[in-house]
Amino acid sequence: METKTVAITMGDPAGIGPEIIVKALSEDGLNGAPLVVIGCLATLKRLQAKGITPNVELRAIERVAEARFAPGIIHVIDEPLAQPEALEAGKVQAQAGDLAYRCVKRATELALRGDVQAIATAPLNKEALHLAGHNYPGHTELLATLTHSRDYAMVLYTDKLKVIHVSTHIALRKFLDTLSTARVETVIGIADTFLKRVGYVKPRIAVAGVNPHAGENGLFGDEETRILTPAITDARAKGMDVYGPCPPDTVFLQAYEGQYDMVVAMYHDQGHIPLKLLGFYDGVNITAGLPFIRTSADHGTAFDIAWTGKAKSESMAVSIKLAMQLA
């Protein structure tokens, strides 16, 4: 059987990414698995020397084909910092943002070439990314640009709750101006395709409303009747099992209890808050609509605890395992 290899990007090296990657790859189930880290080898060794990460072998390779996977060995394709000795933990730095960008770019190239079958990303810092001149709102938009993907969406994934977003990194004030029937219908379609890929035969998809009580028949806004309902009607006509618009304050609980397989959230915090409340340590961020599987730990760089040994690796480990499963 063909080995499915996953590339793991370091994210911002001044954050918890280097720590949680090495911790995750030292766990049972991932120790010795077909995984390749793309990041600054000097930074990984620096954390290991401080006793922050397990004492495993960090083996440098130039190509994925050179890897010989075995327990106790982590293979690293080195993307060096310009000044590794100048890197400071927990601080926004241009060289850290540039490294995070280069790691994602390298992993994307490997995935598009078929050298790896999926990528799992550790968190990057958006301010550092911008400071380095890479003006993307986050991983999702960066990956879409690198892969020339037009129809894509952010999925947050746990065993009991799955959420896909119509919009993500946009000011709430601007969100309503960009909301369209076409975009909502596209995201419903992405949700249906994604759920079928992960094993759902007839996915049940709920569409959350925009306004309180999903507009209450126009009393609190008309986006539901004017924008969402036509998208739902069109999706149903294509054979999709879609419900809504549903009141946002109850639809996530209904999905959590098994009534729906995925919720279409309208904007960033509408989808993120319930999922992070219920699955902060085991939630996974997935970019649906790319030509390959991309997963990520569902948290940020945690600069406040960077390089202290306090970072928990559960979400990173779950994201890597899911990438292996879906690849």
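Every residue gets a Cβ built from N, Cα and C, even glycine.
Database features (Swiss-Prot):
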{"type": "BINDING", "residues": "HIS139, THR140, LYS276, ASN285, ARG294", "note": "substrate binding site"}
{"type": "BINDING", "residues": "HIS169, HIS213, HIS268", "note": "divalent metal cation binding site"}
Residue from HIS169, HIS213, HIS268 whose C-alpha is spatially nearest that of LYS276 (substrate binding site), among the binding-site residues:
HIS268
Reduced to three states, what secondary structure does DSSP give HIS169 (divalent metal cation binding site)?
coil
In angstrom units, rounded to an integer, how far apart are the Cα atoms of HIS268 (divalent metal cation binding site) and ASN285 (substrate binding site)?
12
When DSSP states are folded down to helix, strand and coil, where does HIS213 (divalent metal cation binding site) land?
helix
Applying a 10 Å Cβ distance cut-off over all chains shown, what neighbour count does HIS139 (substrate binding site) have?
25
Let me know how many other Cβ atoms fall within 10 Å of the Cβ of THR140 (substrate binding site).
25
Where's the emptiest Cβ shell within 10 Å among the binding-site residues LYS276, ARG294?
LYS276
From the Cα of THR140 (substrate binding site) across to the Cα of HIS169 (divalent metal cation binding site), what is the distance in angstrom?
9
Near HIS213 (divalent metal cation binding site), which residues of its own chain have a C-beta under 8 A away, given they sit six or more steps off in sequence?
LEU219, PHE220, PRO247, ASP249
Based on the record's binding annotation for substrate (HIS139, THR140, LYS276, ASN285, ARG294), what whole-number value in Å is the widest Cα to Cα distance?
19
How many other Cβ atoms are found within 10 Å of the Cβ atom of HIS268 (divalent metal cation binding site), counting all protein chains shown?
18
Of all the binding-site residues here, HIS169, ASN285, which one's CB has the most other CB atoms within 10 A?
ASN285
Assigned conformation of THR140 (substrate binding site) - DSSP reduced to three states:
helix
